[in-house]
Amino acid sequence: MSASTTATLRHDWTLAEVRALFVQPFNDLLFQAQTLHRAHFDANRVQVSTLLSIKTGACPEDCKYCPQSGHYNTGLEKEKLLEVQKVLEEAARAKSIGSTRFCMGAAWKHPSAKDMPYVLEMVKGVKAMGLETCMTLGRLDQEQTEALATAGLDYYNHNLDTSPEFYGSIITTRTYGERLQTLAYVRDAGMKICSGGILGMGESLDDRAGLLIQLANLPEHPESVPINMLVKVAGTPLENAEDVDPFDFIRMLAVARILMPQSHVRLSAGREAMNEQMQALAFFAGANSIFYGDKLLTTANPQADKDMLLFSRLGIKPEAGEGHADEVHQAAIEQALVEQQSSAMFYDAASA
């Protein structure tokens with residue numbers, strides 16, 4: 001194994017170094033990323049999560065990409081916090097189809113005191129099923145963070161979204177510093193961090209590099225790094241944003257893998273718009289986590305049967321979690337193959 005694959009994790013990346021990674025020949029970049037990936041992970045295993053929106057719409061934040069913002073008319077109806085029992089039913093369903101982590105998202109600036117007891121019950125209930133737990137609830141204070149940790153929350157998601165320099169062009173209702181403070185509270189409470197960003201909002205190459213530098217130069221790398229491709233929603237200020245070049249998106253995944261070689265890099269929002277070939281390249285570039293199921297908060301996500309068939313064709317299996325994930329995964333593949341016999345369920349990659 002070369003020195004480059006065994007080096008100590010770095011937290012001092014510079015813009016010049018990261019820019020140089022982005023602009024090198026595509027095949028060289030992917031080779032470097034795949035080499036590092038294999039040094040730290042089983043290259044044919046992907047972590048599988050399911051995401052549930054536990055409170056949808058009317059968020060007071062003004063994130064220009066988000067259909068849940070109350071500042072924009074996107075046709076999304078406001079919903080109350082889901083009942084704990086409903087959340088637990090969805091978690092059980094997620095486990096039955098092979099997910100090992102259950103993520104719960106609420107459209108809040110920050111959780112209120114009246115909602116916290118219900119949120120904590122959700123964490124305890126999902127944890128009792130043998131699933132890893134993750135939540136994204138907005139900004140947290142120290143007391144809330146410690147309460148979530150005590151309840152057994154494994155991961156807290158709080159994305160940085162983009163570089164500090166470009167951030168003010170996308171969001172004005174929450175500062176970059178507040179996001180970093182929440183991440184610090186999460187780390188101090190002993191939970192794992194899930195934090196990443198979005199491509200396709202009009203950011204520059206240096207902004208993409210800057211986002212990854214912020215994440216990689218944290219005192220500890222996030223355990224999970226979701227890389228999202230903008231899902232353009234009518235009514236949001238970014239509904240007419242330019243499409244992200246597929247190769248540029250793959251480059252982002254590869255550079256994330258190189259900077260944070262021991263983190264799970266998640267192929268997150270926007271996967272519905274990716275054909276099978278692009279997803280396969282994403283896995284080769286070092287992506288080793290996906291959201292699995294029908295919806296990603298409020299936007300479409302590739303159907304579970306399509307995911308299982310693609311995994312089968314690529315020789316990929318989900319990372320083992322509690323509950324015999326391999327057996328569940330194999331059963332899902334067999335069921336998907338049966339359903340594929342119906343033309344209505346057949347997935348034609350050429351037209352995707």
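Glycine is no exception: its Cβ is also placed from the backbone N, Cα and C atoms.
Annotation comment: Swiss-Prot describes 44-262 as domain 'Radical SAM core', evidence class sequence analysis. Taken from Swiss-Prot, the feature [4Fe-4S] cluster binding site covers Cys59, Cys63, Cys66, and the record attributes it to sequence analysis. Per Swiss-Prot, [2Fe-2S] cluster binding site is recorded for Cys103, Cys134, Cys194, Arg266.
Secondary structure at Cys66 ([4Fe-4S] cluster binding site), as computed by DSSP, is coil. Same-chain neighbours of the [2Fe-2S] cluster site beyond Cys103, Cys134, Cys194, Arg266, judged by a C-beta within 8 angstroms of the site's C-beta center, are, in sequence order, Ser49, Leu51, Arg101, Thr136, Tyr155, Asn157, Ser224, Pro226, Ser289. In this structure the alpha carbons, written CA, of Cys63 ([4Fe-4S] cluster binding site) and Arg266 ([2Fe-2S] cluster binding site) are 21 Å apart.
The two recorded residues, Arg266 ([2Fe-2S] cluster binding site) and Cys66 ([4Fe-4S] cluster binding site), have Cα atoms 19 Å apart.
Proximity of Cys103 ([2Fe-2S] cluster binding site) to non-local residues of its own chain (separation of 6 or more, Cβ distance below 8 Å) is seen for Ser49, Thr50, Leu51, Leu52, Thr133, Cys134, Met135, Thr136, Tyr155, Asn157, Phe291, given in sequence order.
In this structure the alpha carbons, written CA, of Cys59 ([4Fe-4S] cluster binding site) and Cys194 ([2Fe-2S] cluster binding site) are 21 Å apart.
Between Cys194 ([2Fe-2S] cluster binding site) and Cys66 ([4Fe-4S] cluster binding site), the C-alpha separation comes to 19 Å. In the structure as shown, the Cβ atom of Cys194 ([2Fe-2S] cluster binding site) sits within 10 Å of 29 other Cβ atoms.
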